[in-house]
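According to TrEMBL, the features are:
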DOMAIN    22-493  domain 'Major facilitator superfamily (MFS) profile'
TRANSMEM  32-49  transmembrane segment
TRANSMEM  61-81  transmembrane segment
TRANSMEM  93-114  transmembrane segment
TRANSMEM  120-139  transmembrane segment
TRANSMEM  151-170  transmembrane segment
TRANSMEM  182-201  transmembrane segment
TRANSMEM  222-244  transmembrane segment
TRANSMEM  250-271  transmembrane segment
TRANSMEM  372-390  transmembrane segment
TRANSMEM  396-415  transmembrane segment
TRANSMEM  436-457  transmembrane segment
TRANSMEM  469-489  transmembrane segment
Amino acid sequence: MSTTAGGGKTRTFFGHPWGLANLFGIEMWERFSYYGMVTILGYYLYYAVSDGGLGMERGTALSLVGAYGGFVYITSVAAAFISDRILGPERTLLFSAILVMAGHILLAVIPGYAGLTLGLVSIAVGSGGVKTASQVVLGDLYTRQDPKRDAGFSLFYMGVNIGALFGPLLTGEARSMGGFHWGFALAAIGMALGLTQYIAMRKSTLAARSSVVPNPLPREQYLRWGLSALVGIAAVVALFATGIVGLDKLALIITATAGIIAVVLMVQMFLSPLTTAEERSRLVGYLPILLGCVMFFAIFQSQFTILTLYTDTRVNLSVNLDFGRLGALSFNIEPNQVQSINPFFIIVFSGVFAAMWTKLGSRQWSSSVKFGVANLIIGASLFLFLPYAGGEPNSTPLLIIVALLFLFTMGELLLSPVGNSLATKVAPQAFKSRMFAVWLMAIAMGTSLSGSLGSLYESAMETGAEAERTFFLTTAGVAIALGVVLIALRKWVVRKFIDVR
């Protein structure tokens with residue numbers, strides 16, 4: 001609680017505006033529902049119908065999971081347009097959260113491909129909106145100069161990771177007890193709790209400017225934009241309905257789409273008369289950083305594709321704990337529950353990294369080195385798979401997966417927070433939102449590529465141990481080589497960035 005000028009008490013959340021508690025809650029439950037759903041999605045797609053799944057080919061299923069993750073990031077760009085031009089940030093957040101909840105309900109109650117399609121599209125569009133609008137609404141709680149602003153965003157991201165930690169744990173238990181639709185239903189309940197809390201608090205806790213449309217779209221343009229959107233959606237539906245484009249190609253299509261968007265945005269910024277010579281220099285220096293982002297996330301997001309299949313078919317999921325005289329404890333975990341390891345490590349180590357960079361100050365690594373080391377780490381982590389290539393069921397110890405995800409987390413903490421910050425630092429003054437969209441498109445490319453890698457890995461697994469080793473060595477080699485290049489380019493990148501590291 002804090003004291004106002006009139007002597008009254010103003011309710012706060014760890015010393016921050018009470019609106020942060022509201023946004024913390026809805027983001028936590030949205031991430032709970034999203035990660036709870038996406039960590040069982042691959043199994044739902046490729047498990048046999050007799051086991052409650054859809055019986056899809058495993059390679060296609062893993063490719064689809066990656067494509068779906070990439071699509072979420074692409075929808076965030078569309079959500080930013082809706083937020084800026086039509087609804088305003090706060091209403092975009094509200095309607096997006098409703099859409100997420102509706103999507104989980106559709107997955108839970110409608111069986112088969114109809115429920116899958118309607119549910120996933122609703123969740124993807126809604127998640128993109130929540131991801132975009134929540135950041136803006138949170139920023140509106142603070143002035144630009146407020147010293148608590150960065151700490152507020154750190155608390156907000158803590159909510160993200162708490163949701164990501166418990167989502168897989170609880171939906172995994174629900175699936176094991178009652179099947180996939182129970183898991184989807186639990187995700188829907190979680191989102192409903194977050195939405196209920198948000199609606200109850202939204203009027204009294206959020207800044208009034210979050211309800212303002214920053215750059216309203218003229219009424220006469222509504223029809224043109226609406227028809228364009230409908231034509232685009234109809235074209236996509238027709239391509240898949242007629243079989244011209246198969247589901248197995250969706251990951252590559254999402255990758256290409258995100259890449260085209262990123263290139264168009266970069267070219268527009270570079271050629272704009274509003275961009276200065278120094279800003280153009282920073283854009284050029286940013287190009288290898290973007291490549292490092294794509295490669296890193298192609299491997300990092302494979303925890304929802306490659307690791308999904310590997311955990312299901314190779315890992316010994318029995319946990320045996322010996323407490324000496326106190327006795328022993330043995331239990332099995334569900335395959336998707338290993339996905340809670342990464343957010344656990346993030347919660348534990350994010351403060352350590354933040355303190356380390358603060359202590360190092362100007363002596364810390366430049367952005368190019370951080371991105372390079374992140375790619376070195378995540379590439380080297382794949383070597384952990386090599387001794388177990390071609391193994392039998394239960395042949396890989398769970399500790400190997402814990403070690404793998406620890407390395408994934410170290411790479412993520414080197415790259416992800418830095419990338420978010422760097423996108424705003426190198427952005428031309430006239431195009432800050434557009435530059436962040438480019439960063440999101442790089443993540444979208446990497447995420448959808450993780451689906452393609454999942455499909456390739458499934459094929460290698462079916463071929464044999466030698467093909468599996470070749471897959472991991474090749475993927476690791478590309479990431480490590482790119483990491484070396486990024487480190488080698490560090491001085492050139494710093495020169496191009498001028499006053500940004």
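Glycine is no exception: its Cβ is also placed from the backbone N, Cα and C atoms.
Nobody curates TrEMBL annotations by hand; they come from automatic prediction.
Residues of the same chain lying 6 or more positions beyond the ends of the transmembrane segment (469-489) and with a Cβ under 8 Å from any Cβ of it are 288-289, 291-292, 295-296, 299, 368-369, 371-376, 378-383, 385-386, 389, 453, 456-457, 460. Averaged across the domain 'Major facilitator superfamily (MFS) profile' (22-493), pLDDT for the predicted model comes to 89.
Distant neighbours of the transmembrane segment (372-390): 292, 295-296, 299-300, 310, 314, 365, 396, 400, 403-404, 407-408, 410-412, 414-415, 464-466, 468-469, 472-473, 475-480, 482-487, 490; these residues of the same chain sit at least 6 beyond its ends, with a Cβ under 8 Å from one of its Cβ atoms. Nonlocal intrachain contacts for the transmembrane segment (93-114), taken as residues 6+ away from its ends with a CB within less than 8 angstroms of a stretch CB, comprise 26, 30, 33-34, 37, 54, 79, 87, 120-130, 133-134, 137, 181-182, 184-185, 187-188, 191-192, 194-195, 198-199, 202.
The transmembrane segment (61-81) shares the most Cβ pairs under 8 Å with 120-139, out of the stretches 32-49, 120-139, 151-170, 182-201.
Long-range contacts of the transmembrane segment (151-170) within the same chain, counting only residues at least 6 positions beyond its ends with a Cβ under 8 Å from a Cβ of the stretch, are 13-14, 16-17, 20, 23-25, 27-37, 39-40, 134, 138, 141-142, 186-187, 190, 336-340, 342-344, 346-347, 350, 354. Sequence-distant contacts of the transmembrane segment (182-201), counting only residues of its own chain at least 6 positions beyond either end whose CB sits under 8 Å from a CB of the stretch, comprise 18-19, 21-22, 25-30, 32-34, 36-37, 40, 93-94, 97-98, 100-101, 104-105, 107-109, 119, 163, 167, 170-172, 174-175.
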